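For reference, the structure discussed in these notes is given below.
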């Protein structure tokens, strides 16, 4: 018996193995905590002193720390000055630094590694070594007035400024709110007193032995009361700080009276009571604990009472990078796609790079950076490790890490796995299962249904053994020759197609498909290798487009050569446009850089570059927007006015310079004023408002004022000096103004013009006037006007109405006494109110008589094309002075039109200048322009005409009439045809055809095929059978691409035809195989674009034509029968009997009857083109008629008649073909002259147009000589006589036909063959056919010259009656 303890151990082992095998998820390895506790920071070191860079990493496993300097690992063994401390920090015992040797200065980084696991890197830290202590200048002695402000300079380099100190009389200067040290090192003393006097010197401490400047004497003088000019000692300058730091913006002003200093931020006053803001040192602004909101434009405004000054500077606040989303630890399996998320913020926006185990990740096909995230595609085992996101900007850098663990395929992934891309999210849910239930077999028939340059669409069929429902599929693919496999899942259960995106052009990929059910993934399909198409031959976008503004009107552009695109780059086209305008201009460049000149100052422009090669324009770059540099304003402020308020003050008002002349951001206005009209010292005032009150002036003096606008570049032109005289004494405002001295009215149809004069007492101040008016009462409406106003137009009045008008002056004391008047507007029948020139109205009461001489028309009319829809028309006027300055009320009328279409009407516009810009024109269109001038009631004749053709523009409409047809005999090839766009807007240089199996796919997912030139047809090959394709076409010209056409749908056939012949040409019926297709030969059923309704329509047309022909023949026969003799009745019967039995044989005796002059009885039928039109494509009408299973053409002649009679009883119709005269083919089908003796070789049709062929197919046995009918171009149905032909009826020959036989053609002999012309792109209605009365002599040279006698004519009529019965049997429904 076994030992019990051993049994227990044995069973325990079995249980352990059982449970361990059942739960493979317990084998998942956990993540290892690994991070930096301390990271190095930027350090300022001193030469010769030690420096320490701290670093410490923590983990459960042993950590090895190393250091990098400028990206290279340090060899601490060989450097005795550097050593690593126990915690990982780096110690530099003595910093070495000289002008030519700086071994310690640089960027340091700490690298921590866990062997066999991974590596992480710290953020970077810069070690800067302070330079040698030296002074750039020495302080100078100064004198300060008691209570004033003064500054002592100490100019040093930026890195030495923190080490500067000041001493007075050998003692350190104590800094406070009155005495401050500026960031530059200068010392500012405000509110000076005698205690500040002494000897000052600046020293540099902390960098070895102290170094000092020479001593400078500061003297304090008593307040003398003498006015001192305002002087700026130190103003604010642009500065960049980091959030949380402090900043001091200096504003040191000197003058007497002591200036008052105020600060504004973005034109808003700063509240100095806030804790973080303080004005110290007499005017400098100190801000502590900076925030992002503190950034902006700071303006220091100093006002000393008689002068003001403004200085501005920009404060930029940077924010170090900060993580919003950190990458997280991730589990995955091989072939998966994962994404590490990393979202950071900061100012300026941080740049992000990724590292894996301490090495920088280089973007590739499998490592992609999307925004700040990292995608790892097609995982392999070597991708396992630590990944770090490092973000950096000017304010600092940060890092965050995450671990990736790749599990075996037989280990289930955790239920929640973050950071998986959409391509593999479903793959997690379909992880391995321990069930033993069956899984699907391999998917069948995996094919690439659509292959493009950068994507491939795969389709497949359901597995033979799905073993369940809701089957999902995963497509695994890889570059040929690599083991890194990626996976793409279908969008939902049952979906049996997927599009693989972002592939490389002209590259082979291997695909396999795996189906999954509830039990897990099944078998893989056989690998399929597919190569993407070659990239489109046009160039790709030019990379690295950079635009730099180098002047006020010029920019410099540079770019690199396109990476993609075959062929040599012929030129680059640079497109640019002004922001806010739709018009785009272009210039051709041969190199990789260009300097654009002639631009507007301080204006934003958009630039893009397109490379051209021999195939045409490539892909455009993204638009780059840049603004030209600013400049001083190019125009003075407008509408400067002076208003004397009283005896000591003048209010100055103005408007900004005209739009487009500021040339920069307006910083303010400078106003200068002086006493008197002559040159004198002028006072200056700076302001940002559009008005300024000048006070403290002398009474009764003339002052002149002018204003200029300023930008950061300086002041622009000034206005003219405007004069105003202050009052000798201030006007009285203790009483209301008097009554206005006069009130005049001038009534018109819809308005009344009012004028007046001020009150007689000029000593009372008038601040304005009020006009009241209304029908019958003046109190209905009130208008308030300025005191300077002397006239006003009351508009929108009713005609023929009596209005009462009142006028009164007012000031601050109230309104004065009104003055009244009334007027009746003129009736509506009077002419429309003219535009009133108020100056002429009130200053030129007498209008001179008009000059009877006519006006001279404008000359030198020029049309300058500006864009695709804009033309500038300019001219000269000989009736003006030499300077061409318009001083009267003349105006010009411009008219323009285009000659396409010819009946286009003129459009007109009026202007008062010597040029006019005509807009809203059509692109690439020739216009004519003319001008005339009008003055008063005189007008000139129209000027000479100027012409201009607008520039081309991109097509504004899509190609039209897009049709798709399958190529004859090869359903995998289609021909696509179209017509040019209606609005091409230029010469079409090519077309682009897009096609896809998904009409809703994005444009970049469609397959693209370019078509060069103006071709209107294209052939697409290699399509998949039984697949629906969608086609779009886009036209392009020299300016770019137009809109796409609507999608056209076309479904390829299910299988290739076995006989490789088009259905347009029918099927061959061989001996022993009389059965025809179900729908009959030539049926349009299953043809794309032809419906059952169209078949019925064609059938109706054929019936109408047949009835018409029958009617014509009946009329002719009736006319002849009326003239026949009475004794011809028996002969007619015999002829009719002979015709009804199908006998068409004639004897060679003199009593034989001549054959009738009908197109039916000809030796040989041959269809020839009728060259009446130069159009290249023949167009035929086809009437498909359903056929029975038995073809009369394949039966002997004695059986056909019975079938024909039966068909006429059933209402059947044979297929009939008629040529359409208006569009014959370009080439003729050869005619073979009728051979007098057999055998005769079959006629060979010649080739016609490129895409469609017109053929007459006649197949016969060598022993048979069939008759032929000749169809001439001038007479479609010309007739002639032919000799009789004897054909044996004992052994009727067998033959092949391409079309159903027509009874009319089949009756003469059983060996006659029929001919057909294949259908073309679209069918047209049949044309009416007329039978000519007589043939041409040249075409009837073989006819008998004998004339018919009465008996012979009677027999012919009997024969004709038999034929009419046959025709009746055909056309009867």
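The backbone N, Cα and C atoms fix where each Cβ goes, and this holds for glycine too.
Curation does not apply to TrEMBL; its annotations are automatic.
Of the candidate ranges 422-444, 445-467, 468-490, TrEMBL annotates residues 422-444 with the feature region 'Disordered'. Segment annotation: TrEMBL labels transmembrane segment over residues 1098-1123 (candidates 1072-1097, 1098-1123, 1124-1149, 1150-1175). Proximity of the domain 'Ig-like' (321-405) to the domain 'Fibronectin type-III' (739-830) is not established, fewer than 3 Cβ-Cβ distances being under 8 Å for residue pairs spaced 6 or more apart. Mapped onto DSSP helix, strand and coil, the domain 'Ig-like' (321-405) counts 3 helix, 52 strand, 30 coil. Within the same chain, the domain 'Ig-like' (244-316) stays apart from the domain 'Fibronectin type-III' (857-953): fewer than three Cβ pairs sit under 8 Å, each pair at least 6 residues apart. Sequence-distant residue pairs (6 or more apart) of the domain 'Fibronectin type-III' (442-535) and the domain 'Fibronectin type-III' (739-830) include fewer than 3 whose Cβ atoms are under 8 Å, leaving the two stretches without contact.
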